[in-house]
Every structure is written in C-alpha cells, then in structure tokens.
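Below is one structure; the comments refer to it alone.
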Amino acid sequence: MDLEYDEIGKKNKESILFLHGAGLGSWIWKNQCLKLTDFHCVVIDLPGHGKNQANPFQLQTASEKILELIKEHGKTTHVVGLSLGGQIALEMLNNSPEVLGNVIITGVPIRTPEKTDNFEKLVEYVLQEYASQKNRDFLIKAYIRNYNISKDYFELLKSSTAIIPPEEIKRIFKANMLFEIPPHLNKVDNPVLVLGGEKEYGIIKSSIKSLVKTIPHSKGYIVPEMVHMWNLTSPDYFNLIIKNWIAARKLPEDLIPVE
C-alpha cells in the first residue's frame, strides 16, 4: 500500500507531519502548512480518506505505512495529530519512537472502561445510523454549528465524507471510538503535548489525564474556549503552540494544566 502525500518547505531542516481526524482530509492543515514557513510540512490523507481512499483503513496498518514514509524520508519528524490522527500518532510513538521528534495531539478520545458487548452494540447502532445519513446537508450543517467552523468549509466537509463508503466510514469511526492506550507508551522519551478544547466532550478531558499519567515526558492542557477542530477556528494560536513546544519555549499562560 503506497500512500500519497503533499509537502511544502522541503528545504527546511525540521519536518512536521500532520494527521487529520476521522472522515476529514489533509485540507484541514492548510493554515498550518502555509504559516509554519520555517518547517518542512507534510500532510497526508489517511487510508480510507481523500487521495488514499482506495486503501482500506486499519489503524495499525496506517501507523506502519506512515512510519515507513518517515523512515524513507530519513530524518526525525515531529508529528501533529487531531483525534484519529492523534491516535495514529500514539500508535507510531508506541512502535517506533526513535524516528519521531516532538508529538502534539489534540482531541484524542481514549476508551478506558472495559468494553462490553452492550457497549459495542451501541457503537455499531450509532455508526449504522450515521453511515446512512452522513451525506445529508443538515448533518454537515449541524457539524459546522457544533464545532463553530466557518460555513466556507461546507463543501470540503461534505466531499470528505461523501467519498468514503458507508462500511468504510463505520470501520474508521469504530477504531476511533474504541481506541485504547498502546502498551509501551510508558517507556518513550519523546516530549508529548496532549491538548483538548475546553468546549469538547468530557471523554477528551479524561483522556488527557490518562495519557499524561502514562507518558513520562508529557504535558496536558485544556485550551480555553476552544472546540474540537481549533486548528481551523484559531490557526495562529494553534501554530504558536506547535512552534513553542517544538522549540522547548514557554507555552501560552492561559492554557489550563491537566495532571
């Protein structure tokens, strides 16, 4: 499985790989790639999405294939991941921390309680309903309202989900909803920044706590007033945090620590 990707700033020494969330695409990182001009920025559509829609999604396989790209690239790469992209970043960190630099993840749900048959049935039901309605305009508009995203993103959001077949999108979101902390994260040395918007669901906030307790060199923060996709709604603030974390500079004082 070969994965297509795009890059900008190839001559710059430090690389950042951006991994998007479920049902989206690499387009969500436009305001990062255009403004982080001191970095070599690499964006990729995850398997099952966009340019790589023909490759079925499986989280472990996605992690392995993206790691292969980094190893071919031949230099340490920082990783920024949103939601499902953050989960893949954690899986990569679990398997090959030596090829990664700093890791920044935001909006990553962790399923901590033991999964029961009833819970898995509920997930299946919810995803079946979503898959049958995913291309409806009213659902895209509700998504935009819920995440406080500009209406300018309507067509991009709609086309991103429309290209994914119902069974594939169920598989993608099921992996996202049932993700657990990988087993070796307590042994990694990479600096890891774990973030979540103040206006996100409670599971995101509890997941930050779980990850910070597990990963030795990690810091966790709630980002005031922010929603799930705050890289779109507040790109300059998002970019500032990326730059400061990678450079080991002080983070903005309004971030709310999670321990």
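Just so it is clear, glycine is given a Cβ too, placed from its N, Cα and C backbone atoms.
These figures come from a predicted structure and were not determined experimentally.
Marked as domain 'AB hydrolase-1' by TrEMBL: 16-130.
Residue counts for the domain 'AB hydrolase-1' (16-130) under DSSP, helix first, then strand, then coil, are 55 helix, 22 strand, 38 coil. Summarised as a single figure, the pLDDT of the domain 'AB hydrolase-1' (16-130) averages 92.
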